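Summarising the annotation, TrEMBL assigns active site, proton acceptor to GLU112. Annotation source TrEMBL lists domain 'Radical SAM core' at 118-358. Residues or ranges marked as [4Fe-4S] cluster binding site by TrEMBL: CYS132, CYS136, CYS139. The annotation S-adenosyl-L-methionine binding site is assigned in TrEMBL to GLY187, GLU188, SER221, SER244, LEU245, HIS246, ASN320. Under the heading active site, S-methylcysteine intermediate, TrEMBL lists CYS363.
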Amino acid sequence: MTSLPLIPVDPDARARRAAMPPRHLADLDLAGRRALVAELGEPAFRAKQVSTHYFGRLVRDPRQMTDLPAATRGTFAEHLLPTLLTPVRELACDDGATRKALWRLHDGSLVESVLMGYPDRVTVCISSQAGCGMACPFCATGQAGLTRNLSTAEIVDQAVYLAGVAASGAVAGSPPRLSHVVFMGMGEPLANYSRVVAAIRRLVAPAPEGLGLSQRHITVSTVGLVPAIRRLASEDLSVTLALSLHAPDDDLRDELVPVNQRWKVAEVLDAAWDYAARTGRRVSIEYAMIKNVNDQPWRADLLGRLLAGKLAHVNLIPLNPTPGSRWDASPKPVEREFVRRLRDAGVSTTVRDTRGREIDGACGQLAAAEDRDTDRAGETA
Ligand code: SAH
């Protein structure tokens, strides 16, 4: 007997199948939408009308845009509002204040986003890529590699969908308006630079061109792609930059954040300080606390020396568990000593209030697999 598979194994199948989606109105600014609407043979004012539905009222389904003639709705459904995200599952915890959505994209790729409601704000954590190519060993997303970049509209549509969830009053005890967006979901946002910057422009443009969020309420988190950080500093944007540092020394950072082999700690911090100087925005330094790996007092002191006097804030993240990881979170007393040493060095430091761990929705846990997360309490779809 031979054991040849019936279907030939094709290692490139996934990459070949993965394809960018059709164009959507959120890919375009208002002028671009007007031009497209004219090309479709519709009066120019329809561009604003359809934008008001999508960005102003958070209506994503053309069938609900009942003030448009039926034929126009059909044309727009095909050419301006193709379905980009199909919800596969929504999980909730924290009494509904934290919700994770799993989407299937048009080519079958899967991505996740997370909504977090607080008494004074609503934050969504969105994905910029399906998978991630940065291979940080403590992050679940990095383990399966990169499938593809998301389009601008695929990025924006996550925020618009979840803004609609917030507006429906589903997040009890939180304001109904989405206020904050963090690019801390799946993917490395600066590796999908032009689409991410266009998505930021849609998020901050006033309605009906965009969602009208404040630039200060948008955070782009990066492993530290130095040329892209410098390019971002030269855009006329002043979003918050978060740098995933995780180690103050190159020996350890080379392992924890492999891109450090290309751009070293000193170089990436230089780029971060230039960003802070050009935008006036304090840079957020992300540091996952990993037991006996990066949590030693001497590393706190070294980090303190690197950051003292800079426009920086340290966000310590208790390491979240990921499948197959050999690492654990630091014990609380170790974490407290780390915080104490940084503050003694004059560095503003907080420990992140981690949300969504029980639904694998916390930092580094987004892996977008359909076969996980079943039989969980709080499943909502
Ligand atoms: N690629 C970008 C954005 C996505 S990750 C980046 O790396 O910055 C968002 C944050 O979660 C990053 O700071 C990342 O290092 C951190 N993170 C990843 N895995 C984690 C884990 N298991 N526990 C805690 N934080 C983690």
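Glycine is treated like the rest: Cβ placed from N, Cα and C.
Structure with TrEMBL features highlighted.
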residue	record	Cβ contacts under 8 Å, 6 or more apart
GLU112	active site, proton acceptor	LYS100, ALA101, LEU102, TRP103, SER127, GLY185, MET186, GLY361, LEU366, ALA367, ALA368
CYS132	[4Fe-4S] cluster binding site	CYS139, THR141, GLY142, GLY145, LEU146, MET186, GLY187, GLU188
CYS136	[4Fe-4S] cluster binding site	GLY142, VAL223, SER244, HIS246, LEU256, VAL257, PRO258, GLY364
SER221	S-adenosyl-L-methionine binding site	VAL182, PHE183, MET184, PRO189, ALA242, LEU243, SER244, SER284, GLU286
LEU245	S-adenosyl-L-methionine binding site	GLY224, ARG253, VAL257, VAL265, VAL268, ILE285, GLU286, TYR287, LEU303
ASN320	S-adenosyl-L-methionine binding site	ALA288, ALA329, THR354, ARG357, ALA362, CYS363, GLY364, GLN365
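Checking the recorded positions GLU112, CYS139, GLU188, LEU245, CYS363 against ligand 1, the ones whose Cβ sits under 6 Å from it are CYS139, GLU188, CYS363. Its Cβ taken as reference, SER244 (S-adenosyl-L-methionine binding site) is surrounded by 27 other Cβ atoms within 10 Å in the chains shown. Residue annotation for S-adenosyl-L-methionine gives GLY187, GLU188, SER221, SER244, LEU245, HIS246, ASN320. The furthest Cα pair among them is separated by 18 Å.
Summarised as a single figure, the pLDDT of the domain 'Radical SAM core' (118-358) averages 96.
Ranking the recorded positions CYS139, CYS363 by the number of CB atoms within 10 A of their own CB puts CYS363 at the top. Neighbouring residues of the recorded [4Fe-4S] cluster site, listed in sequence order and excluding CYS132, CYS136, CYS139, comprise MET134, ALA135, PHE138, ALA140, THR141, GLY142, GLN143, GLU188, VAL223, GLY364 (Cβ within 8 Å of the Cβ centroid). In the three-state DSSP assignment, the secondary structure recorded for SER221 (S-adenosyl-L-methionine binding site) is strand.
When secondary structure is read from DSSP and collapsed to three states, the residue listed as 'active site, S-methylcysteine intermediate' falls in the coil class.
The Cβ neighbour count for GLU188 (S-adenosyl-L-methionine binding site), using a 10 Å radius and every protein chain shown, is 27.
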